[in-house]
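Notes for the one structure printed next.
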């Protein structure tokens, strides 16, 4: 450079721009035109002249907002004192090539020649750039600017891919990342319980990154599923658009999210109108939620009620007055500020330098006659982000200038020099900037250059007179202390559905309590069937994945939505069966006591005295005990009743059968004594021997019961095997061997008594009690033979009932067969209750 007095640009791009000189210059990239034709992207020596069409009044207002912010800063004596900010603003024509060329012009200078020091050192043409307005150009431009650490603060690029400090070390933005917008959309879906949604994205970095992020985050959140994901073609291919609309039309999803630019949405809506696709709830991304070009009478019948994520609305005091002061005659060099010229020619449909006076622009036209939307500053959203971006650069520069020598952040605690400013030095201060706007919003950047995110949630209203209103119905923001917060005012939302209610959009209706979710094979997790919980399980939540088993003592209700205590079952004194058996037991006890009283009262009569009256008394007592022991089988089982019931039953019946056996043996001995040489037999069957025999036989059963209780005692237990819906309280026998020995011993004595009695059935009349004993033993044996299979096959309390019934039946059988005929003689035929009558029968028998 020392060979030349100045540095010269290699190429100059003929771009539409607006400039203002200053001590420090800020650059800006804005969307002023809709469309451009720029076939050659090479940097040739021949200048290229882009052709931009469709002037965007709102894009021009955004550029003027930056100019206003710089003018406001220059008038602020507390911010950047003694430093005048300038600007260089360019139109990108929504074309990557033009935006990229404009950025290169900003960082290299727009003049053919600019004076620097002899060694080609000095401040760069611009120290920072506000822009670009979309993600793809921002990615390309930031990649280059990052090499030289030139700060770039975007006001509209939302792609989450830009949150990468390694790739984009000098990129910042005042609009939240799409990652936060995706989370905000998921929160809205969750709020309205929309789990089945469609997603359309644009075919660029903005849309494709959103599509991937949304799929991932939606799955991780578990709040819903995508019915379909379609990519809107960049060139608006009618065939592809038609196919996408057919997918929308056939889908059962009633909610449709669109992350795309407004020109994509316009192409889509033309086909939606053609096919008359209605009944959709549209969710708009910030890229088109405020687009006036879409809010037309043609589209609004389909888009009314749209919910959208919108850039935070802010107020910029004085902006309208600034816009009203725009005049082309105030521009000293109209060629260097051709944005104003183009705006004027577009707004007033005139031409500067026109040959026809009716078409020539005078420059003094009434600016209040321009598009009313240009002067409407009540809904500033992208402009508010631009305003914050300019102030962020200004505050960073102010902090840089206030650096105290020797306490700076750079090497050896040095400070930056405004005359030899390096872009990376401003990046350092921009990373730590922290201020509040006059609207009350805090502006600071995280380690990735992202601002604290905040979005408005808006709703599109369409009035019968054709007016459209975009109103705020909530907000979503992230704070350092409380994290993500979503606020929605449901009463303000207009719904384009019946009864002004939000629609339902689910693949499958929620599974109510008492059911569980059953996934459909090969379909998204939001598509499922609802299966009723099986018995013993319940579900008390919506969309339960599994039914929960009830605790051991509980069972599922008939609705399967909660558990209820299981019904308890045992042979109770309160149910009809228990009452009947109790009455029968007490009746048998009373009858036994009455018969015993009759026998005691008539103990001196021949009928009572015949065949050992003491054994008859003991037999009646044992029968009475048999009746009473049946009461131990009724009522809720306890440990003592379980231990006592079978012992009492076994001992009572052994005592009873032992007495019968001894009586039978005595009858047989007396008969044998009547034969020659048989008198000696009677000495073995005296009263003492009879009592001792009955006692010994009974003691054997007592020993069996004691061993049973000591070694494997019966115990109460809750049995759930008989029925799942109830708990059967029963006595577990503890030892099958013990129970079998007890019954077998009774059976052995009964069979022995029956055989001896049967053998003695033809004895003389005076000893015809053997017939009664044989008959009673047959009844006794029949009852207990039937009891065993009936007891084993009876469930629950009915097993106890069978055992009680067997005890009562056998006891009544013994009582009636053995003592019925004798009571009949004693009470009704006393004339036969004489020794002569008994002996008479004996003679007759002989």
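Cβ atoms here come from the backbone N, Cα and C positions, even for glycine.
Range with TrEMBL annotation transmembrane segment, chosen from 540-563, 804-827, is 804-827.
The range from 500-528, 732-760 that TrEMBL describes as transmembrane segment is residues 732-760. When Cβ-Cβ distances under 8 Å to the transmembrane segment (772-792) are tallied for each of 576-600, 615-635, 692-712, 732-760, 804-827, the top count falls to 804-827. Here the listed stretches are 615-635, 647-671, 732-760, 804-827, and the one with the most C-beta pairs under 8 angstroms to the transmembrane segment (692-712) is 647-671. Relative to the transmembrane segment (732-760), the listed stretch 647-671 leads the set 576-600, 615-635, 647-671 in CB pairs under 8 A.
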